[in-house]
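Annotated in Swiss-Prot:
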TRANSMEM  7-27  transmembrane segment
TRANSMEM  32-52  transmembrane segment
TRANSMEM  69-89  transmembrane segment
TRANSMEM  100-120  transmembrane segment
Amino acid sequence: MAGIKALVGLSFSGAIGLTFLMLGCALEYYGVYWPMFVLIFYFICPIPHFIARRVSDDSDAASSACRELAYFFTTGIVVSAFGFPIILARVEAIKWGACGLVLAGNAVIFLTILGFFLVFGRGDDFSWEQW
């Protein structure tokens, strides 16, 4: 039952993050949909982790080079997702208020993704591998 509560909490926080992103795009004052491109970063963020889990040997207690490379790529993706709306605001493609809403949405979404892997990445009976 604890896994279901965690899943509901994660889906709620994901909905809040996407609401911030949509508000940054769809409010009449902002009205520009360029920040929606951060959705690409949301989708590619867990891919290095998935590849590292499949390739690396879990018998090592220490961190492997493959896992460290996956952390590096994931960090680059997350930093790019935070930098993209700032660059759009600097070149005046979007307003700074929209940038703030998108950055708030980024923080909530990436914390949700991190929470997902912390809750369901343990490898117990109720894990993310079932989904």
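Keep in mind that glycine also has a Cβ here, set from the backbone N, Cα and C atoms.
Sequence-distant contacts of the transmembrane segment (32-52) (same chain, six or more residues past either end, CB-CB distance under 8 Å): 21, 24-26, 64, 66-67, 69-71, 73-74, 77-78, 80-81, 84-85, 88, 93-95, 98-99, 102, 105-106, 109-110, 113, 117. Cβ atoms under 8 Å from those of the transmembrane segment (100-120) belong to residues 3, 6, 9-10, 13-14, 16-21, 23-25, 30, 35, 38, 42, 45-46, 49, 78, 81-82, 85-86, 94, 126-128, 131 of the same chain, restricted to positions at least 6 beyond its ends.
Outside the transmembrane segment (7-27) by six or more residues, the chain places 33-36, 38-39, 85, 94, 97-102, 104-109, 111-112, 115-116, 119 with a CB less than 8 A from a CB of the stretch.
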